[in-house]
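Worksheet: the structure to be examined is printed underneath.
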Amino acid sequence: MNSFSNDDFDFSFLEEGFSARDIVEQKINEVSLSDDKDAFYVADFGDIVKKHVRWFKALPRVTPFYAVKCNDGKAIVKTLSILGAGFDCASKTEIQLVQSIGVSPERIIYANPCKQVSQIKYAASCGVEKMTFDSEVELMKVARNHPNAKLVLRIATDDSKAVCRLSVKFGATLKTSRLLLERAKELNVDIIGVSFHVGSGCTDPQTYVQAVSDARCVFDMGAELGFNMHLLDIGGGFPGSEDVKLKFEEITSVINPALDKYFPADSGVKIIAEPGRYYVASSFTLAVNIIAKKVMVNEQSGSDDEEDAANDKTLMYYVNDGVYGSFNCILFDHAHVKPVLTKKPKPDEKFYSSSIWGPTCDGLDRIVERFELPELQVGDWMLFENMGAYTVAAASTFNGFQRPTLYYVMSRPHWQLMHDIKEHGILPEVPDLSALHVSCAQESGMELAPAVCTAASINV
């Protein structure tokens with residue numbers, strides 16, 4: 001767990017003055033004369049390090065337990081383990097992944113309220129004790145199969161203001177919570193805390209206030225029954241990019257006073273959260289290639305002029321990744337993606353109404369329904385930013401189309417910052433590394449050197 005190794009993943013240092021976007025351009029240039037223009041990702045792990053620093057500035061009392069389901073890349077898990085994060089696992093496989101790199105059981109919460117018996121037994125066998133539940137059936141399953149479990153009661157929230165709602169499936173009401181606590185007492189099961197999740201894409205931060213208040217009620221119920229509850233899990237759903245209605249700090253500015261009111265610092269309660277997309281969404285950029293194109297002329301235009309008819313056309317582009325691959329986020333995560341062109345349009349270039357489709361034989365495989373684009377050609381590239389969350393983790397190989405290749409990069413200052421965090425924790429003052437996103441190459445228009453990154457295999 002103490003080193004990044006090329007045996008684990010291809011990890012490269014960015015040379016000074018270059019950005020992850022430059023690596024995207026370099027990879028495109030490398031295959032420009034080849035027919036093998038496969039889709040690929042470039043992931044900037046420096047962005048993950050910056051997110052970790054930002055987290056503790058905004059939520060200093062809350063320990064992040066990364067939601068592995070969001071993006072289960074081993075490189076991501078390893079990076080976050082070095083930074084000191086915990087892990088929210090939802091299955092035996094995720095627990096195995098996290099423990100395979102040396103993470104201790106104490107840094108894992110099995111945060112799935114509905115677990116298969118064999119997987120409860122597996123958690124018991126490998127020392128994972130913290131796990132969630134929200135029903136009497138689950139309580140009895142755990143009591144029989146994991147006597148040493150430290151249970152966290154998942155309560156329902158008002159997630160009506162969230163894009164991805166979860167309380168329709170998970171969470172106990174306050175009334176049910178008391179009954180579950182009483183039953184746990186009868187079964188001699190240890191209840192150590194409360195968890196909740198307000199849903200992803202929450203647009204009303206006051207939802208957190210009500211959820212924290214409800215959690216306080218359950219803590220008080222537990223105290224009445226003799227439980228020593230000392231863990232509060234405020235869930236996930238925090239935004240991982242800036243193209244959202246409610247920014248991360250707008251949410252945390254509401255959460256912090258609620259935590260101080262209901263769970264003050266001297267209360268003895270440890271507070272954790274389950275961020276997933278927060279850490280990885282903005283670090284991944286996906287590059288796709290146009291593999292086919294269709295021109296649709298509006299036959300109802302009423303014009304006999306060929307030039308007018310050509311100007312009234314719409315364009316359909318087919319690219320080599322789709323909703324059965326990385327863009328499954330459109331179907332399952334309510335994502336709205338926008339293409340970014342690798343070539344800057346000319347000032348007088350005409351734009352056309354365009355749609356973008358994936359490569360499979362399914363008519364459902366549409367990425368963008370309508371977008372104004374200049375006319376592009378087969379072989380041209382499009383980029384999609386903020387593609388790190390709920391994309392590769394749920395991608396399939398339907399129709400035989402393979403998942404995109406992943407390239408991992410990080411700047412040396414971010415690497416050094418990660419090393420410092422590992423050795424000393426989050427420092428009160430950390431260097432401002434925001435300028436590292438500015439690319440000298442892009443600003444100056446210079447051509448990229450043959451290699452703007454070097455391979456890394458460095459102990460930390």
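Glycine too: its Cβ is placed from the backbone N, Cα and C atoms.
Sequence annotations record features per position, and here Swiss-Prot assigns N6-(pyridoxal phosphate)lysine to LYS69 based on similarity to another entry. DSSP assigns LYS69 (N6-(pyridoxal phosphate)lysine) to a helix.
Marked as pyridoxal 5'-phosphate binding site by Swiss-Prot: SER200, GLY237, GLU274, PRO275, GLY276, ARG277, TYR390. In the three-state DSSP scheme, ARG277 (pyridoxal 5'-phosphate binding site) falls into the helix class.
According to Swiss-Prot, the phosphoserine annotation covers SER303, on the basis of similarity to another entry.
Around ASP362 (substrate binding site), the C-beta neighbours below 8 angstroms that are at least 6 residues distant in the chain are TYR324, PHE398, ASN399. Under DSSP, ASP362 (substrate binding site) is assigned to coil, being neither helix nor strand in the three-state scheme. Residues annotated as substrate binding site in Swiss-Prot: PHE332, ASP333, ASP362.
Listed in sequence order, ASN399 are the same-chain residues at least 6 apart in sequence whose CB falls under 8 Å from the CB of CYS361 (active site, proton donor). The active site, proton donor annotation in Swiss-Prot covers CYS361 and is backed by similarity to another entry.
Taking every protein chain shown into account, PHE332, TYR390 are the binding-site residues, and of these the Cβ with the most other Cβ atoms within 10 Å belongs to TYR390. PHE332 (substrate binding site) falls within a helix when secondary structure is assigned with DSSP.
A separation of roughly 13 Å, to the nearest angstrom, links the Cα atoms of LYS69 (N6-(pyridoxal phosphate)lysine) and ASP333 (substrate binding site). Counted within 10 Å of its Cβ, the other Cβ atoms near GLY276 (pyridoxal 5'-phosphate binding site) come to 25, all protein chains included. In the three-state DSSP reading, TYR390 (pyridoxal 5'-phosphate binding site) counts as coil. Geometry remark: GLU274 (pyridoxal 5'-phosphate binding site) versus PHE332 (substrate binding site), CA distance 19 Å.
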